[in-house]
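> For reference, the structure I am asking about is given below.
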Amino acid sequence: MSAERWVIKIGSALLTNDGRGLDRELMQVWVDRMVALRAAGIEPIVVSSGAVAEGMTRLGWSRRPESVHEQQAAAAVGQMGLVQAWETCFRKHGLHTAQVLLTHDDLSDRKRYLNARSTLLTLLGFAVVPVVNENDTVVTDEIRFGDNDTLAALVANLVEADRLVILTDQEGLFNADPRQNPDAELIREARASDPAIAAMAGGGGSGLGRGGMATKVRAAGLAARSGAMTTIASGRRPEVLAELCDGRAPGTTLMPDTSPMNARKQWLAGHLRMRGRLVLDAGAARRLREAGSSLLPVGVVDVFGQFSRGEMVACEDEQGVRVACGLVNYDAADARRLCRKKSHEIADVLGFMNEEELIHRDNLVVLDRG
Ligand SMILES: Nc1ncnc2c1ncn2[C@@H]1O[C@H](COP(=O)(O)OP(=O)(O)O)[C@@H](O)[C@H]1O
Ligand SMILES: N[C@@H](CCC(=O)OP(=O)(O)O)C(=O)O
């Protein structure tokens, strides 16, 4: 059975008990629920905010500093506490966590995108729970806008998550900010692409979290690009995870327009320029066309063009008919050396191995004949 993958984002206000220090008890409750998700075949990836807030507590600051450098310093201090706390909670269940610090730029650079994707998928393969946060030391804009909602959506795109769960301090998205308007009503379900919902979402209200609902709704739109459904729900009710797992819909559900794989393939097919060509033998061409299999080096007879790892290349049969296109795991020079080689020979030929496929089937779009 192939596991479902959920990216679960937890905001600062919630994690740090509104700035009173990490709420370890509540973290343990979420972790217990996430472990129950795993038992139900759902792989959680945690996107955890709270580094700046926890750093401020550790440094004895009561107000978020204006200076970005001081916020970065606080994040570096607080990240220590954050990862220690997550690791301690998961260790009680015999599970390891892994700290993954990313920036938005990492995910818009194709090579780093593939590297981040491989690392995250490898961690999941080892049953490790990735705990992701923004790499605040090296970014300035994101720390100013506090945008882990966007980061969580980009991670959902990266790992083709089925669902993005944004846990916050409200029951979900209301038709107006409930802090300002006590009569505001909860939106139960909408399309992520509906412009009306963006208009309802205001900025942050807690003083600790920064993005408010506006970044959450935008994140739902980004997550929808790779087909993920978004739930915005209250992290004060850890049972929301169990409810979601049971097929109920707590909080606000924001639906994508397409399924995860179709959305990813549309994105792959439409957005990247071809940098080179791989010529496949008849067997490999048939496997791609008929089974949508990954492309292994053994089925490649020739390589044309100059490309880097992560770039888009065309796959053609020996008659020059284009079979597929996809993101290649090795650069042109390495791909040439791997022609006709078995996957177990890659490390011997190159002295290292990224992946056993030249192009993984998730990164491959097979073209219609005709
Ligand atoms: N339409 C809305 N529905 C719900 N909350 C809203 C809305 N507009 C603005 N908000 C504010 O967004 C806040 C949550 O965002 P934020 O403080 O950034 O939390 P987090 O730390 O979880 O990211 C809420 O406490 C609320 O005041
Ligand atoms: N990387 C920052 C994230 C800040 C942020 O996005 O906060 P939030 O709006 O509470 O999710 C931190 O860990 O403090």
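Glycine residues also receive a Cβ, built from the backbone N, Cα and C atoms like all the rest.
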> Do you know which of LYS9, LYS265, LYS341 TrEMBL groups with THR168, ASP169 in the ATP site?
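Of LYS9, LYS265, LYS341, LYS9 joins THR168, ASP169 in the ATP site that TrEMBL records.
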> Measuring Cα to Cα, how many Å separate THR168 (ATP binding site) from SER49 (substrate binding site)?
11
> Whole number in angstrom, please: the longest C-alpha to C-alpha distance across LYS9, THR168, ASP169 for ATP.
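Value for the max Cα separation, rounded to a whole number: 12 Å.
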> Running a distance check here. Ligand 2 versus the binding-site residues SER49, ASN148, ASP169: which have CB less than 6 Å from one of its atoms?
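Checked binding-site residues vs ligand 2; flagged SER49, ASN148.
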> Should we count any of the binding-site residues LYS9, ASP136, ASN148 as near ligand 1, judged by a CB under 6 A from one of its atoms, and which?
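The ones that qualify number zero, so the answer is none.
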> Which of the three DSSP states, helix, strand or coil, fits THR168 (ATP binding site)?
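SS state of THR168 (ATP binding site) = strand.
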> For a three-state summary based on DSSP, what are the helix, strand and coil counts in the domain 'PUA' (276-359)?
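Counting residues by DSSP class gives 28 helix, 24 strand, 32 coil.
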> Counting only residues 6+ away in sequence within the same chain, which have a CB under 8 Å from the CB of LYS9 (ATP binding site)?
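Listed in sequence order: VAL46, VAL47, SER48, SER49, ASN148, ASP149, ALA152, LEU164, VAL165, ILE166, LEU167, ALA219.
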